[in-house]
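Peer 1: This is the structure I want to talk about, given as structure tokens.
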Amino acid sequence: PQGIGSPSVYHAVIVIFLEFFAWGLLTAPTLVVLHETFPKHTFLMNGLIQGVKGLLSFLSAPLIGALSDVWGRKSFLLLTVFFTCAPIPLMKISPWWYFAVISVSGVFAVTFSVVFAYVADITQEHERSMAYGLVSATFAASLVTSPAIGAYLGRVYGNSLVVVLATAIALLDICFILVAVPESLPEKMRPASWGAPISWEQADPFASLKKVGQDSIVLLICITVFLSYLPEAGQYSSFFLYLRQIMGFSPESVAAFIAVLGILSIIAQTVVLSLLMRSIGNKNTILLGLGFQILQLAWYGFGSEPWMMWAAGAVAAMSSITFPAVSALVSRTADADQQGVVQGMITGIRGLCNGLGPALYGFIFYIFHVELNELPMTETELGGNVATQHHSQQNSIIPGPPFLFGACSVLLALLVALFIPEHTNLNVRSSNWKKHSGSHGHPHSPQAPGEAKEPLLQDTNV
């Protein structure tokens with residue numbers, strides 16, 4: 001087989017690390033270029049760009065997964081990485097084309113879907129959780145380190161060097177897939193012809209969402225996930241721009257904020273989550289995580305000083321325990337043959353939120369006229385603009401209106417989560433679901449298509 005050695009989790013880990021390390025380098029330059037390109041409606045355009053990308057990813061992810069089940073993983077790894085990284089060199093060539101290609105690239109920017117399918121091909125069921133955890137930790141590690149490196153190189157050598165370096169790393173990733181990554185899907189499982197049929201029912205992005213109302217407990221869990229993840233997705237898309245443009249953070253401060261938040265989130269999702277699950281139980285852990293999320297969103301909404309952002313960031317790390325706790329609750333209460341279907345529903349709702357959340361936040365920023373005429377470019381210019389920023393904040397009662405809206409949404413999620421029972425099997429309509437999951441199953445994988453849990457950090461360039 002083509003590639004170096006036999007297929008392994010380490011091949012997938014290297015692909016993920018290189019892709020998101022390249023994007024992480026561009027965190028600070030992207031914020032500057034975004035404001036220079038759309039000076040009047042920065043937050044609105046950022047929300048629309050990320051929203052279109054998220055919706056396209058939601059619509060295309062099941063189809064890409066279904067096609068990779070037929071034609072193999074390697075070709076789709078190459079395709080998704082190429083289109084995800086295609087906008088990078090356009091940042092210096094043409095910013096308008098850069099943002100246009102970013103939004104359209106959502107059709108193929110679903111690397112995690114293919115990577116998790118790759119891992120499922122080569123691991124046994126009992127090894128899979130650890131393998132997925134390794135992929136997620138690699139993703140987190142790449143984003144903890146790369147924004148700080150990109151901000152430093154941009155300040156010392158200019159943003160052009162950062163773009164060139166990110167492009168080189170993206171090309172290295174593509175070359176690595178071409179040369180070193182072996183195909184994980186066995187040849188006997190793939191048809192001889194590329195014209196082989198696929199299950200279009202499996203490729204329907206709304207297929208899992210159609211089953212949400214079939215059980216009251218599933219419905220409660222899905223409503224909780226939607227109301228809590230919608231503001232989280234919007235926050236991920238705009239928060240670092242908010243820090244840079246409204247709160248007056250320097251590129252280095254934004255990079256340091258990402259690094260500290262990432263490290264604290266990893267600790268919260270491993271050590272703290274494990275302790276809480278053992279001591280207060282699964283449902284109470286979810287409620288605690290939602291409580292922390294309400295607190296941090298309200299703090300972001302009313303905060304007008306940089307130290308408030310840092311304090312709220314520490315609370316945000318604690319709120320990251322919510323989704324792992326929800327996934328654990330589903331895995332404990334659902335029957336064994338329904339795991340993939342229920343997890344697929346939650347994954348589908350999160351994918352939908354990745355499209356709706358950024359657009360909603362951008363629209364709320366636009367309604368409340370949260371804009372700034374000038375973006376501080378360097379630390380020396382930063383001091384001269386602090387008075388302008390604080391004057392802009394004083395004109396508004398709420399510095400960050402979308403975050404306050406998000407806090408209200410999570411409060412509703414908390415009220416819904418109160419009605420989720422702690423210990424109840426999900427008595428979903430097993431006959432229909434078994435038939436549905438059976439038609440989607442693949443003989444080479446013991447895992448249902450939706451069973452692969454999403455990474456704790458999302459597949460975004462932020």
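Using N, Cα and C of the backbone, Cβ positions are placed for all residues, glycine too.
So TrEMBL lists these for the protein:
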- 432-443: compositional bias 'Basic residues' (COMPBIAS)
- 8-425: domain 'Major facilitator superfamily (MFS) profile' (DOMAIN)
- 431-462: region 'Disordered' (REGION)
- 12-35: transmembrane segment (TRANSMEM)
- 47-68: transmembrane segment (TRANSMEM)
- 75-91: transmembrane segment (TRANSMEM)
- 97-119: transmembrane segment (TRANSMEM)
- 131-154: transmembrane segment (TRANSMEM)
- 160-181: transmembrane segment (TRANSMEM)
- 217-234: transmembrane segment (TRANSMEM)
- 254-277: transmembrane segment (TRANSMEM)
- 284-302: transmembrane segment (TRANSMEM)
- 308-330: transmembrane segment (TRANSMEM)
- 351-368: transmembrane segment (TRANSMEM)
- 403-420: transmembrane segment (TRANSMEM)
Peer 1: Applying the under-8 angstroms CB criterion, which one of 47-68, 160-181, 308-330 scores highest with the transmembrane segment (254-277)?
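Peer 2: The listed stretch sharing the most Cβ pairs with the transmembrane segment (254-277) is 308-330.
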Peer 1: Might you confirm whether the transmembrane segment (131-154) is in contact with the transmembrane segment (217-234), defined here as three or more C-beta pairs under 8 A between residues 6 or more apart in sequence?
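Peer 2: No, the transmembrane segment (217-234) and the transmembrane segment (131-154) are not in contact.
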Peer 1: Short question: which residues 6 or more past the ends of the transmembrane segment (308-330) have a Cβ under 8 Å from it?
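Peer 2: Long-range Cβ neighbours of the transmembrane segment (308-330): 221, 224-225, 228-229, 243, 247, 249, 257, 260-261, 264-265, 267-269, 272-273, 276-277, 282-283, 285-286, 288-290, 292-293, 295-296, 299-300, 339, 342-343, 346, 350, 420, 426, 453, 456.
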Peer 1: Between the stretches 47-68, 75-91, 160-181, 284-302, which one has more Cβ pairs under 8 Å with the transmembrane segment (97-119) than any other?
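Peer 2: Going through each listed stretch, the top one turns out to be 47-68.
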Peer 1: Other than its close neighbours in sequence, what residues sit by the transmembrane segment (47-68), given a CB gap under 8 Å and a spacing of at least six beyond its ends?
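Peer 2: Distant Cβ neighbours of the transmembrane segment (47-68) are 75-76, 80, 99, 102-110, 113-114, 117, 185, 198-200, 202-205, 207, 233-234, 237-238, 348, 351-363, 365, 449, 459-460.
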Peer 1: Compute the average pLDDT of the predicted model within the domain 'Major facilitator superfamily (MFS) profile' (8-425).
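Peer 2: For the domain 'Major facilitator superfamily (MFS) profile' (8-425), the model's average pLDDT rounds to 79.
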Peer 1: For the transmembrane segment (160-181) and the transmembrane segment (131-154), decide whether they are in contact, meaning at least 3 CB pairs lie under 8 A, counting pairs 6 or more apart in sequence.
Peer 2: yes
